[in-house]
């Protein structure tokens, strides 16, 4: 018999045993041609492991399979056909139907594969999509059960479906728990009812129950389970109103019981068991992020300048900006993370085809038309709101014409080529009016008012590019003398409608310009304006768009803190999406709400052209809505082991950080817990004062304590302060790339009170 754990853990192995032809095909495995380049194409035998969670391959030169090459959890998508840059470049059109690609959530390269027939390729894709879909539907208890079950199987070295004391210790280390020999012995003897010196069957189930016990949940449940040891709908309602501070009704409580209770007979009696209660706390309604903010809930009919817009810098890069690879895949990744403003750094290419790369560096090149096609294909997969193509154009007039032709041909009617409506607008259209549309940001020869009037085919270009502006200390005039002046093609100029790039010559000059004329600011200039002239910058950004980009000296593609610039009303705070870290965590947290649409409506005081708001001096006004933020960090569950420390157990600590206006920035941290990443408990209480909640973000950071060096990152979660839910809440954790850690999380208690 197979090693087993309780039924409610819902293992994938049972799912895989179903009579499903596609899944059985994956379990049997097959030969695929792996494509890395034009010269590296090798046959590999791929197979889905029996755990239905990991894939492994072997080359035909080795007799034994390698370790699993990847987990199903790591797959972001499976694409049928030659949809990746690698497949298009390195294979012929004739294998279109046989080709497919596996895309990963992390920065790992795509896996490009060719099957022996079109039917086989479809089976691989269908089977993998079924497994991915099923994994995504597992509830947290099922994921935990599956993970524990796999670790148990791994610890069962002699495959006898029994667990010895030695195997139990190996298993505990694998799931990130270190316990002394005495306790391990005590736990083992407690479960070894038959006293046979090993655990099997029901004894393993008993051990599993002890292991997954949540003491902190038991205490809460027992307090409110006042109906013969269970929670009635009335008991649950009391919990929702008193602890969760929700305006709930009895029908809300009954809905939760019906939705999440696992025990059929309890559900029939309108009761909630402890397992059902834990299930509720792990679902959307029990998480820290307010589910009302999960979809688009903000007014999307305001002018474009009234929104923060998720924006990317050097979007084409997968790594650093000196020698890293350029790829259309980088555009796909940014757009799939709801980025709404992407950058195209365009240069003359061979055969009359413009290319994209970081000029004067060793970064590789991609064709402009391929990048535009990738943008078209993935622009509206996660958000239906407009995408802005920010052009950094270094091309000759002839190749500018080619750029315009490609954008018109590929983007078609979705490209905005004239102002909306029948007459010249006085303000920007709204994201709602621009759903599914593309805007071009770039230079324009004439005024928008003259957009239907024939004009000269070229004009001297007096505006500076980002590279020039962020270059050395020499003056703009000196730089102009060194470089021949570029000219602008009318065809390219004509498709720049609402985002005409102009140089910033001060607030007075900008105020006299038309609403559609916008400036880009290098980070140091923008930071100075946000610090020293914050109120004027905010007023400027009410009616004008601003784009901020990282300094040219950031050759490692590092990022800057976007928060002060959002405080200053800047809409497009462009970050290097390819570089993980605090700054991208803040960006992902800021754009977490409003349906992850990539658009966040600014607070009212950032949309008023007469506003007196200044985030630095923070004078009195409607923006001051002081809150006291109480947070108790109670516990964590199933923190992952760090790959570079695979033999050691983590010593976790939690930092709670607040970002916002300068007066609100604060951080507090728990003590570290030695040798327990599985179920550490802190019960640490913190208090913060937040003056401007609408601009605040809260970040929960979990680290592995190290006394000798910097702590190591384990996971984090960032969300808007205004999206916090009160009460007992689970906090999901994301890895450094912003992807969910499947089983890991924090358990906290939140209380936000008006001062």
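Using N, Cα and C of the backbone, Cβ positions are placed for all residues, glycine too.
These come from TrEMBL:
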DOMAIN    25-133  domain 'PH'
BINDING   34-61, 441, 443, 520, 547  substrate binding site
CARBOHYD  194  O-linked glycosylation site
ACT_SITE  313  active site
BINDING   314, 343, 345, 392  Ca(2+) 3 binding site
ACT_SITE  358  active site
REGION    458-485  region 'Disordered'
DOMAIN    492-606  domain 'PI-PLC Y-box'
DOMAIN    610-735  domain 'C2'
BINDING   649, 651, 675  Ca(2+) 4 binding site
BINDING   704, 705, 706  Ca(2+) 5 binding site
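The structure, with features from TrEMBL marked on it.
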residue: 46; record: substrate binding site; contacts (Cβ under 8 Å, 6+ apart): 29, 30, 32, 55, 56, 57, 113
residue: 345; record: Ca(2+) 3 binding site; contacts (Cβ under 8 Å, 6+ apart): 314, 316, 356, 357, 358, 359, 392, 394
residue: 441; record: substrate binding site; contacts (Cβ under 8 Å, 6+ apart): 341, 388, 389, 390, 391, 496, 499, 501, 518, 547
residue: 651; record: Ca(2+) 4 binding site; contacts (Cβ under 8 Å, 6+ apart): 672, 673, 674, 675, 704, 705, 706
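Using Cα positions, the member of the recorded positions 194, 343, 649 nearest to residue 58 (substrate binding site) is identified as 649. The CA atom of residue 42 (substrate binding site) is located 35 Å away from the CA atom of residue 343 (Ca(2+) 3 binding site). The binding-site residues recorded for this entry are 38, 54, 649, and the Cα of 38 lies nearest to that of residue 313 (active site). Looking only at Cα atoms, residue 343 (Ca(2+) 3 binding site) sits nearest to 38 among the binding-site residues 34, 38, 54, 649. Between the listed recorded positions, namely 34, 42, 313, 358, the fewest other CB atoms within 10 angstroms of a CB are found at 42. Taking only the Cα positions, the spacing between residue 38 (substrate binding site) and residue 649 (Ca(2+) 4 binding site) is 43 angstrom. On a Cα basis, the residue listed as 'O-linked glycosylation site' lies 34 Å away from residue 54 (substrate binding site).
Across the fold, the C-alpha of residue 649 (Ca(2+) 4 binding site) and the C-alpha of residue 34 (substrate binding site) stand 36 Å from each other.
In sequence order, 203 are the residues near residue 194 (O-linked glycosylation site), counting only same-chain partners six or more apart with C-beta under 8 A.
All protein chains shown were included, and the count of other CB atoms within 10 Å of the CB of residue 54 (substrate binding site) stands at 18. Across the domain 'C2' (610-735), DSSP classifies residues as 12 helix, 60 strand, 54 coil.
On the 0 to 100 pLDDT scale, the model's mean across the domain 'C2' (610-735) is 94. Cβ neighbours within 10 Å of residue 705 (Ca(2+) 5 binding site), excluding its own Cβ and spanning all shown chains: 15.
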